[in-house]
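Take a look at the structure set out below.
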Amino acid sequence: MNIIRVKDVEQSAEKALEIYQNAVQHGAKVLGLATGSTPIPLYQKLATSQINFSELVSINLDEYLGLDGEDEQSYRYFMTKHLFQYKPFKHSYVPDGKSEDHEAAIKAYDRIIVEHPIDLQLLGIGRNGHIGFNEPGTSFDSTTHIVNLTQSTVAANARFFEKESDVPTQAISMGIASVMSAKKILLIATGESKAEAVAATINGPITEDVPASILQKHSDVTIIIDEAAASKL
C-alpha cells in the first residue's frame, strides 16, 4: 500500500488529480468511478482539467435499486451533474437500478467489467469499512450483486435525501472481487468520521467484517488520507 498523507480535502483532490493525469498519460483506458461526497472535490478538478476522456470508458461502482438515471438521487444523475456533463466519456456504464430482471442486470454488468478491464478504480470508504456498497460480511469473492444496505449506510446517505425514509434500502453493486480485479486502486478518505475505518483497513486483520481490508492484498493500491482521517493510525 502506498499511503499519501495530506493536510486537508483540497490537497487530497490535488494529489488525486495528479494520479489521474499520470494514469491517462500512461495509457489508462477504463476508469472505475465512485460516488458520494468524498470524490466531489476530485471531480471538480477533473471537470476543469485538460484531460480528454472522450476515448475512455467509465464504469461506476453501484446504483440504488429502484431509481432510474433521471432521478436526482440516482448515481447516474450524480455522475452527470459532477463530471459527465463537463467531461463526456466514450462509454459511461452505471448499473441499471430500474431493471426488473435483477439477475440479467447483474450478468450484464459483470460482462461489461470483463470486457473492459479497469485500469484505475476510485474508491471511497464507509464508516463501517464498506467499499462500493459492499457491506461488512460481503464475500471477498463477490462479483456484481444486490445489496441490502445496513442502517448505518442508510443513515449516512440520508443527508442526500429529503428524509431518511426516502433512502433506498437496496442497491446493485460491483463485488469485492470485481474491485480487486482493477490494475490500480485509488482510495480517498477524508474527515475524522473515516479514521477508524482507515486504521482498520491499513493496520487491521484482513477480514470480511472490514471489506476494505482486502486492499492489503492488492499489488497496486494508493490511499490518500487527510490529517483527520489519519488520526487513528
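Cβ coordinates are placed from backbone N, Cα and C, and glycine is handled just like the others.
Cβ neighbour count for Asp62 (active site, proton acceptor): 23 (other Cβ atoms within 10 Å of its Cβ, all protein chains included). Among the features that Swiss-Prot reports, active site, proton acceptor is placed at Asp62 (among others), with the record citing sequence analysis.
What Swiss-Prot lists as active site, for ring-opening step is Asn128 (among others), and the listing cites sequence analysis. Annotation for Asn128 (active site, for ring-opening step): same-chain Cβ neighbours under 8 Å, separated by at least 6 residues, are Glu135, Pro136, Thr150, Ser152, Thr153, Ala197, Val210.
The Cβ of His130 (active site, proton acceptor) lies under 8 Å from the Cβ of Pro136, Thr138, Thr150, Thr153, Pro211, Ala212, each of which sits 6+ residues away along the same chain. Feature annotation from Swiss-Prot assigns active site, proton acceptor to His130 (among others).
According to DSSP, Glu135 (active site, for ring-opening step) is assigned to coil rather than to any helix or strand. For Glu135 (active site, for ring-opening step), the Cβ neighbour count at a 10 Å cut-off comes to 21, with all displayed protein chains included. Marked as active site, for ring-opening step by Swiss-Prot on the basis of sequence analysis: Glu135 (among others).
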